[in-house]
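In what follows, a structure is listed as structure tokens, so that the remarks can point back to it.
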Amino acid sequence: MSASFPVARPRRLRRTPALRRLVAETRLAPADLVLPMFVKEGIGEPNPVSSMPGVYQHTRDSLRKAAHEAAEAGVGGIMLFGIPAVKDGTGVAADDPDGIVQVALRDLHSDIGDAIVLMADLCLCEYTDHGHCGIVTPAGEVDNDATLERYAAIAGAQAAAGAAVVAPSGMMDGQVGAIRAALDRAGHPETSVLAYSAKYASAFYGPFREAAEGAPQFGDRSTHQQDPANADESLREVLLDLDEGADMVMVKPAGAYLDVVRRVRDAVDVPVAAYQVSGEFAMIEAAAEKGWLDRERAINESLIAIRRAGADIILTYWAVEVARSLQAANR
Ligand code: PBG
């Protein structure tokens, strides 16, 4: 064998940490991360979510503090979820100007409104006593068009309270168009819409339903959320949302749908977000707690994979921790 064989030696560029850093194709930055946060009405102390270590249902005060820390860490945005003290059939607290999300948005807007992008999840499941994402008919079905009217009202309330971005997550047909029209009508043409366009009926939302107290009391979400078997359908949903005026689109969950993230990234010219959901978070936390994998490495790998698949924006419950370690690494 000649001394110069093989000619191509990809290992040359993997030799040292400095070389590997130089040739890295994909990087994470704090500004691309969005932290989902929960705020609950009427509690005296923050409530730890047992299936999500380090995640809390916040009080108004603890939310302000935690949001400030996220801004300090350079995190790009916050996605806010509200849990009202009282739930009912139509989710009246969702668009009440004094409802918990609106109150919290006003707090955050006055504290840090310019330092971080304030996003509000726009859905009814946290606000309804039946836990469904919309208005339920006497037959127990989610009524698409009646729900759109509720979403339109919620969008106006969230925008008025200071949300820079509203993020409809209910997977109703026509939701982006209804919300865009309502925002424009209500004098909020500047408020943007991040559409949860390709949202799957996923088992990986399990821990979230404890965090947001939004588990359906009967039935499931498979008549509106997408079947995990389908990917072409995601493109259809994304293109419909862009036609209806979405400014950004999302794929959710992220880890099990990286093919969908890539296809959406290649198909559109708007920012693409991916949501690393509660179950993705809980799996790594639980395995790490058992000593079965290296927690930090698994977190970083899970996030770089989402980035490599093409996500511009990543929603992750690890946003602050990861942003801080990125800041420290760049110091
Ligand atoms: C609906 C909503 C859900 C999540 C975000 N928005 C739950 C669902 O659709 O059942 C899940 C997020 C997560 O699991 O981290 N408002």
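Any Cβ shown, glycine's included, is placed from N, Cα and C.
Curation does not apply to TrEMBL; its annotations are automatic.
Residue density at Lys199 (active site, schiff-base intermediate with substrate): 25 other Cβ atoms are found within 10 A of its Cβ, drawing on all protein chains shown. According to TrEMBL, the active site, schiff-base intermediate with substrate annotation covers Lys199 (among others).
Taken from TrEMBL, the feature active site, schiff-base intermediate with substrate applies to Lys252 (among others). With a 10 A radius on its CB, Lys252 (active site, schiff-base intermediate with substrate) counts 25 other CB atoms from all the protein chains.
The Zn(2+) binding site annotation in TrEMBL covers Cys123, Cys125, Cys133. The Cβ of Cys125 (Zn(2+) binding site) has 25 other Cβ atoms within 10 Å, all protein chains considered.
With a 10 A radius on its CB, Arg221 (5-aminolevulinate 1 binding site) counts 20 other CB atoms from all the protein chains. Annotation note: Arg221 (5-aminolevulinate 1 binding site) sits in a coil segment as assigned by DSSP. Taken from TrEMBL, the feature 5-aminolevulinate 1 binding site applies to Arg209, Arg221.
Reduced to three states, the DSSP call for Glu237 (Mg(2+) binding site) is helix. Per TrEMBL, the feature Mg(2+) binding site maps to Glu237.
Sequence-distant neighbours of Tyr317 (5-aminolevulinate 2 binding site) (same chain, six or more apart, CB under 8 Å from its CB) are Leu35, Pro36, Met52, Gly54, Val55, Gln276, Ser278, Phe281, listed in sequence order. If you look up TrEMBL, you'll see Ser278, Tyr317 marked as 5-aminolevulinate 2 binding site.
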**Message:** On a C-alpha basis, identify the one among Cys125, Cys133, Glu237, Lys252 that is nearest to Arg209 (5-aminolevulinate 1 binding site); the candidates are the recorded positions.
**Reply:** Cys125
**Asked** Taking the recorded positions Cys123, Glu237, Lys252, Tyr317, which residues show a Cβ-atom distance to ligand 1 below 6 Å?
**Response** Cys123
**Asked** Given the recorded positions Lys199, Arg221, Glu237, which lie within 10 A of Cys133 (Zn(2+) binding site) by CA-CA distance?
**Response** Arg221
**Prompt:** Other residues with Cβ within 8 Å of the Cβ centroid of Cys123, Cys125, Cys133 at the Zn(2+) site?
**Reply:** Leu124, Glu126, Tyr127, Thr128, His132, Gly134, Ser169, Gly170, Gly214
**Message:** Rounded to a whole angstrom, what is the C-alpha distance between Cys125 (Zn(2+) binding site) and Arg221 (5-aminolevulinate 1 binding site)?
**Reply:** 10
**Asked** Nearest to Lys252 (active site, schiff-base intermediate with substrate) by Cα, among Cys123, Lys199, Arg221, Glu237 (recorded positions)?
**Response** Lys199
**Prompt:** Does DSSP put Arg209 (5-aminolevulinate 1 binding site) in a helix, in a strand, or in coil?
**Reply:** helix
